[in-house]
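**Q** Pasting a structure here, questions to come.
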Amino acid sequence: MTIPMVHDILFPPTFLLTGASVLTLLSLAILGVLEIRGINMKYSKFVNAASSSSSSSISFKVPSRVGMLLLYTPAFLVGVASFWLYPADDSRFLFLKSAVTIHFFKRLFEVIFIHKYSGEMSLDTILIILVSYFFVSLSLIYTQTFNQGLSEPSIDLKYLGIVLFLIGISSNFYHHYLLSKLRTKGDKEYKIPKGGLFELVICPHYLFEILEFLGISLISQTVYSFSVTLGSALYLMCRSYVTRKWYVSKFEDFPKEVKAFIPFVF
């Protein structure tokens with residue numbers, strides 16, 4: 001029962017794509033384990049702690065806003081270029097290219113107009129995340145070209161994927177907006193987030209980002225896209241776990257019922 005169901009939902013993967021899917025999933029899972037073990041990506045509230053625990057870190061730093069722009073721009077440009085490189089009239093491919101491009105455009109928009117930054121980012125962190133996002137954007141789009149000319153899966157999930165993507169990206173934006181309202185101009189202090197799903201979890205923006213990627217996976221319907229979503233979910237669950245631990249350690253009045261990632265569960 002299981003194998004026919006998989007073939008009904010997914011395009012048949014090649015050996016190369018299966019290997020890339022496994023490697024991507026393992027890489028993201030390892031990054032998540034490193035977060036739990038205290039080897040955090042050096043940005044946001046973890047920049048100082050991570051820097052002090054790693055003597056090999058590249059010391060050169062740039063303002064966080066500049067760093068974030070550097071992170072997202074190459075991935076966004078990959079999405080833009082894909083419309084020129086792959087001008088296919090296939091609706092699934094068009095929806096996928098659009099979703100990936102919109103995702104990173106939104107990130108850039110938030111960096112410029114929404115987020116309020118107070119710190120710096122180290123060069124090593126910028127390079128690691130820049131390459132990761134660039135590769136995710138490029139690989140999600142390029143691997144879809146392997147399916148051009150193949151028979152469509154018998155269960156078409158792309159329109160459900162569009163709905164989930166739109167819910168995820170709008171909800172992620174809303175919670176980023178709530179975070180930005182915690183700080184006034186010149187304020188550099190962290191506060192306990194309030195409103196929306198912040199009343200239930202400390203990282204609802206991560207939860208909705210995974211909903212975005214799930215939507216992209218349903219649009220794509222490839223093993224590789226699902227491996228990116230599952231790997232990203234594992235990493236962000238670990239990141240949200242250490243984020244909650246940070247809030248608990250910094251704020252005596254942090255509400256204990258607020259979970260890390262999944263309301264009432266985790």
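Backbone N, Cα and C define each Cβ position, glycine as well.
Pasting the relevant annotations from TrEMBL:
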| type | residues | note |
| --- | --- | --- |
| DOMAIN | 151-266 | domain '3-oxo-5-alpha-steroid 4-dehydrogenase C-terminal' |
| TRANSMEM | 15-36 | transmembrane segment |
| TRANSMEM | 69-87 | transmembrane segment |
| TRANSMEM | 126-145 | transmembrane segment |
| TRANSMEM | 157-175 | transmembrane segment |
| TRANSMEM | 222-242 | transmembrane segment |
**Q** By a Cβ-Cβ criterion of under 8 Å, what residues six or more beyond either terminus of the transmembrane segment (126-145) are in contact with it?
**A** 17, 20, 24, 41, 43, 62, 67, 70-72, 74-76, 78-79, 82, 86, 92-93, 96-97, 100, 104, 216, 220, 222, 224-225, 228
**Q** Are there at least 3 C-beta pairs under 8 angstroms linking the transmembrane segment (15-36) and the transmembrane segment (222-242), leaving out pairs fewer than 6 apart in sequence?
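**A** Since 3 or more Cβ pairs under 8 Å link them, the transmembrane segment (222-242) and the transmembrane segment (15-36) do come into contact.
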**Q** Six or more residues out from either end of the transmembrane segment (15-36), which same-chain residues have a Cβ under 8 Å from its Cβ atoms?
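**A** Those are 139, 143, 146, 222-224, 226-228, 230-232, 234-239, 241-242, in sequence order.
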